[in-house]
Amino acid sequence: MLFRAIGSGVSSSLLSSLVTRIARLSMIVVSLLIVDKVGRRALFHISGILMFVPQMTIGGIMTTKIGDQGELSHGYSISILILICMYIAGYGLSWGPLGWSATSENFPLEIRIFCFFAVWVAVMTGFVYVLLPETKDVPLEKMDTIWREHWLWKRFVDDGKEHGGN
């Protein structure tokens, strides 16, 4: 669906999906081969960069380059495919195969799973409290208004005037 949304046809979308799966599988294999030589921490750092940079770049491209019809040019679609492959490669390098082993090796059995997930629940709750506006009873057509009026997201959301909006 994502690849069709950025302007790829059905066959291109299927090919793009195959390419991303190959990227993930190949990096999982690489991870398994080098984890004991390089170390988990180094792989987490490298993959953090490989995941963060493409996400931010894709967000920038999608924000600034989607045209009036909601589609990207072919060049930007290819760029997004490459960036998605970079993101998936980063995930496959560490968080995919090593995420569970990192938590199981760092904490005693009695507290490992509960404390780890409790911390992430707290992080997610904080994110929702600070950064997610209420969308209850807001029709889909009015969602752009919700984001344009939010204290943080209004800095990043287009007001629609450049694309023929009001």
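Cβ coordinates are placed from backbone N, Cα and C, and glycine is handled just like the others.
What TrEMBL says about a protein is an automatic prediction, not a curated fact.
Listed in TrEMBL:
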type: TRANSMEM; residues: 12-35; note: transmembrane segment
type: TRANSMEM; residues: 42-62; note: transmembrane segment
type: TRANSMEM; residues: 74-93; note: transmembrane segment
type: TRANSMEM; residues: 113-132; note: transmembrane segment
Stretch of maximal Cβ-Cβ contact with the transmembrane segment (12-35) [cut-off: under 8 Å; candidates 42-62, 74-93, 113-132]: 74-93
Stretch-level contact, the transmembrane segment (74-93) and the transmembrane segment (113-132), CB cutoff 8 A, at least 3 pairs: no
